[in-house]
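As recorded in TrEMBL:
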{"type": "BINDING", "residues": "His65, His67, His213, Asp301", "note": "Zn(2+) binding site"}
{"type": "BINDING", "residues": "Glu94, Arg146, His186, Glu216, Asp301", "note": "substrate binding site"}
{"type": "DOMAIN", "residues": "57-405", "note": "domain 'Amidohydrolase-related'"}
Amino acid sequence: MKRIWIKDGTFVTMDDARPVLKGHMVIEGDTILYLDEALPEPAPEGAEVIDGNGFVYMPGLINTHGHAAMSLLRGYSDDEALQVWLEQKMWPMEGKYTDEDARWGTALAVSEMLRSGTTTFVDMYDRMHIVAEVVEQSGMRGLLTRGVIGLCPPDVQTAKLNEAKQFARDWNGRANGRIRTMLSPHAPYTCPPDYIARIVEAAQELNVPLHTHMSESAAEVQQNIDDYGCRPVEHLDKLGFFSGPALVAHAVHLTDDEIALLAERGVGVSHNPASNLKLASGIARLPDLLKAGVTVSLGTDSAASNNNLDLFDEIRLAALIHKGVSGDPTAVPAWEALKLGTVYGARAIWQEERIGMLKEGMKADFIAIDAEQPHFYPRTEIVSHLVYSGSGRDVKHVWVDGVQVVKNGACVFLDDAQIRAEAQRCFERLLSS
Ligand SMILES: CSC[C@H]1O[C@@H](n2cnc3c(O)ncnc32)[C@H](O)[C@@H]1O
Ligand SMILES: [Zn+2]
């Protein structure tokens with residue numbers, strides 16, 4: 001089995017027991033075998049030895065909400081409100097997507113995410129077998145789900161659900177377990193209640209989690225009240241959505257009672273600060289969610305509403321905006337913000353036993369940050385530097401499952417230059433068709 005020995009590095013483990021240590025990490029196969037200040041004794045035989053001097057190693061980041069293929073639409077429609085952006089700009093363009101648009105849009109996103117330090121991502125889209133193929137090839141880890149919009153005749157609803165179930169069955173556990181699957185009604189405002197109930201039942205049958213957009217805008221909450229007589233949290237709860245593992249994206253507009261219910265039901269919330277700001281949806285009640293014991297993680301949403309997929313940006317925003325909103329500088333401290341992008345991300349997607357931390361026995365998903373740059377000096381607090389001063393551009397190398405997937409800033413298993421050229425070609429065709 002292949003061994004890697006990172007010698008003399010600084011490790012931000014994300015483990016409260018020993019958050020930062022200077023020392024050595026040994027990887028065997030896909031697992032962290034050893035992590036300590038002392039030299040490994042005996043020295044790991046036949047290991048690839050990597051000089052860790054000048055690098056900060058930390059767990060790969062976990063992006064818990066996005067739509068990778070929409071990277072083709074980055075910059076296509078800015079400065080619009082959510083419903084206008086979605087209905088008048090995104091959906092007409094997405095209606096013209098072909099398989100190759102899905103492939104190159106996804107590849108563009110995966111390349112960007114890996115190169116900026118994200119090793120696991122949640123993706124909700126259609127043509128998901130293509131997304132899964134790109135994930136498999138890239139070496140990345142993904143929790144993938146065919147999102148369904150139910151504003152269509154019953155036979156089309158059924159066909160979409162069958163496709164989603166087939167995908168969830170076919171790909172769960174593939175790529176050495178790097179790929180897992182879920183089921184996803186797109187949102188309560190795009191799926192009638194009986195359709196959501198069928199999706200919930202299907203998730204129970206297949207034993208997979210559920211994911212959806214929820215309470216992203218005030219208008220959506222009001223529409224839910226007008227249509228169904230209650231707010232989205234109660235609506236989804238009545239439909240059984242929270243009776244098994246569930247992850248909701250956004251959750252910007254919540255009452256105290258809704259926060260308490262999400263905590264009680266163990267629902268994960270993917271906080272997407274950049275997308276929520278850009279679409280003027282609002283600012284989620286992150287400190288209140290955390291205080292209530294809700295598992296909160298971070299998502300970028302798509303590059304069409306962000307406009308990048310650098311999770312370091314979300315980490316910094318999460319640390320900053322809630323200080324501004326609350327007037328409390330301790331609202332989201334740096335360490336908590338970094339946890340949102342790592343350990344809490346792993347917890348939100350039910351994988352905290354294997355990813356999100358550098359710890360012996362856990363999967364070797366980790367990133368190397370080039371800390372020999374002006375913005376990492378002086379060496380005061382490395383966690384502070386990562387959150388308030390770092391970015392995805394500082395990521396030099398990335399490993400997933402013990403395999404190096406980014407080397408010197410370039411993807412190992414994807415052709416970054418080809419991806420950029422194909423993405424440009426696809427976008428131009430979409431624009432002119
Ligand atoms: C049916 S697959 C995914 C679907 O989601 C749409 N989408 C992208 N970003 C958002 C968002 O912030 N809120 C709601 N829906 C969103 C995307 O256009 C796809 O059609
Ligand atoms: Zn989304």
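Here the Cβ of each residue, glycine as well, is placed from N, Cα and C on the backbone.
Unlike curated entries, TrEMBL annotations are predicted automatically.
Annotated features, which come from TrEMBL, shown on the structure.
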residue	record	DSSP class
His65	Zn(2+) binding site	coil
Glu94	substrate binding site	helix
Arg146	substrate binding site	strand
His186	substrate binding site	coil
His213	Zn(2+) binding site	strand
Asp301	Zn(2+) binding site	coil
How big is the gap, in Å, between the Cα of His186 (substrate binding site) and that of His65 (Zn(2+) binding site), rounded to a whole number?
12
Could you tell me which of these binding-site residues, His67, His186, has the greatest number of Cβ atoms within 10 Å of its own Cβ?
His67
For Glu216 (substrate binding site) and His65 (Zn(2+) binding site), determine the Cα separation and express it in whole Å.
13
Please list, in sequence order, those binding-site residues from Glu94, Arg146, Asp301 with the Cβ less than 6 Å from ligand 2.
Asp301
Measuring Cα to Cα, how far is His65 (Zn(2+) binding site) from Glu94 (substrate binding site) in Å?
18
Residues lining the Zn(2+) site besides His65, His67, His213, Asp301 (CB within 8 A of their CB center) are Gly66, Met124, Ala249, His250, Ser270, Asn272, Ser275, Gly299, Ser302
Cβ-Cβ distance under 8 Å, sequence separation of 6 or more, same chain as His213 (Zn(2+) binding site); the residues meeting this, in order, are His186, Ala187, Val248, Ala249, His250
Can you give me the Cα-Cα distance between Glu94 (substrate binding site) and His67 (Zn(2+) binding site) in Å, rounded to a whole number?
11
